[in-house]
Amino acid sequence: MAEKNSHIRNFSIIAHIDHGKSTLADRLLEHTGTVTKREAQAQFLDNMELERERGITIKAQTVRMKYRAQDGRDYELNLIDTPGHVDFAYEVSRSMAACEGAILVVDATQGVEAQTLANVYQALDHDLEIVPVINKIDLPSADVEGVRQEIEEVIGLDAKDAVPASAKEGIGIGEILEQIVHRVPPPEGDPEAPLKAIVFDSWYDSYRGVVMLVRVFEGTVRPKQKIRLWSNRKEFEVQELGIFAPFAKAVGELQAGEVGVVVANVKDVHDAKVGDTITDAARPTEAPFPGFKVVKPMVFSGVFPIEAADYEQLRDALEKLSLNDSAFTYEPETSQALGFGFRCGYLGLLHMEIVQERLEREYQLALITTAPSVVYRVTDTTGAVEEIDNPAKLPPVQKIAKLEEPHLTCHIHARTEDVGAILKLCQERRGLQRDLKYLGTKRVQITYDIPLAEVVFDFFDKLKSVSRGYASLDYELKGYEEADLVKLDILINGEPVDALSVIVHRERAYQRGRDLCQRLREVIPKQMYEVAIQAAIGAKVIARETVKAFRKNVLAKCYGGDISRKRKLLEKQKEGKKRMKQVGSVEIPQEAFLAVLKVEE
């Protein structure tokens, strides 16, 4: 091992949402003098306004700190800040691959949560040295010993050296830094070997093109060097190298073991995929870094501008977003009801919310979003397999041999008193119980297989409400399973409205159709003629509601007199309404599309 690297430590921080990860990062930066008190602002590494507001970390960030340890040596610490949310699990695994150690932050008042566990298992898979920290000990409800036991029982880590700390009050920060220096191993790697580096994040800078965050494992990268990206064999010339300390500054080279920024004439962020391997074009390394995969979106929804004139603006906004987010996909789509728009793909629900919120906030767009749907796998009668992300594209019933839907394995951590309510919720969502184990006397871990389509709507909100906010959820994709699914069409006056169709389980179709029709009846305004709202599977109508017509009294000016005169007027009115119904089109208000989303309740 090169003696050169013995002063470098690469580590990340693992924590559940709100356990104080970003605050701890702020304190570490202040303690090492990387950021002066004047520059410090809360959640220093969460650059996006949205990240600060929701208190979550979305993109990975890095920062290099200089630290003089108690043994008098100077160390270079690279903190790689990872997103904690399960939607970004792949980004987390790539950030972990770039480290040798991790600080595990556990809230002294809450104990170990589902996402903490999921990330810890990933860290253990990457053989990281884990330094446990029990945070928020300044709170009156903190139970340090209890949490220490829980870390030992639930995760199986030896927690006798766990550092009690309070990131908010700055207690225990020095001790954490000492532990990093003494427990996390220095990186290995030979600066003379062929170049091998992993990209663990990339984003688009309007002046320099794509900026890649990399960790160099072998070799050295210098400006003017020709590099090659492994997954697509494209070659680029390195223009500049840099590090964040915490503001960007240029460096002359990055050697094995170091973490930094590479800018190399890359124009498209989709070329610099997270997890890809960079090597020297002239002297490539033997094998790429294992575990690279192209992230596939799991949840889809249509996004349409309310004003048709905003279409171009929406397209520009989506293009800019996708520059920074290689997991986000979009393609144009048209809908009879909503006009022109885009079909967007996301990693999960949080990702979807964030993208939509950024479109509305950063680009000031007013949007309609259709109900989220998942990717179904359809095998038709000829045996061809096709993946469908939009219910409107489903082939007719008689051509489908089998339909499969994605299933998730969900791990739910909860208090023992909420178990009943949670099991009931999972049962309602067609879940299949796999495991239930008690962690100590107060907490329980429940494992279920649940179809993704059932989780997409509001499973998370419901879970939080039945457990009074105490349950936490972590999930991974298990694979596709065959299910008895049907496409439910909504017809208005006999015309199908594509944006309202949904794919549902056959057992639920009747109930769902009835609910939908009732909802729509409330939101579609009255017309001069009656409007029929029907829910149908194929040609079979399973539910119907009618919006009654306005009634105009055409007989008001007939006093007494002959019945035939009155009949003539009534017939004439009836004719008029019939003609109107043939040519009239029903305006479907924005609320109708939202009604589809709310039907679940």
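Glycine too: its Cβ is placed from the backbone N, Cα and C atoms.
Marked as GTP binding site by Swiss-Prot: Asp18, His19, Gly20, Lys21, Ser22, Thr23, Asn135, Lys136, Ile137, Asp138. Residues or ranges marked as domain 'tr-type G' by Swiss-Prot: 6-188.
Everything Swiss-Prot records as a feature, shown here on the structure.
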| residue | record | Cβ within 10 Å |
| --- | --- | --- |
| Ser22 | GTP binding site | 23 |
| Asn135 | GTP binding site | 31 |
| Ile137 | GTP binding site | 20 |
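The DSSP secondary structure for Ile137 (GTP binding site) is coil. A helical conformation is recorded for Ser22 (GTP binding site) in the three-state DSSP classification. Across the domain 'tr-type G' (6-188), the model assigns an average pLDDT of 73.
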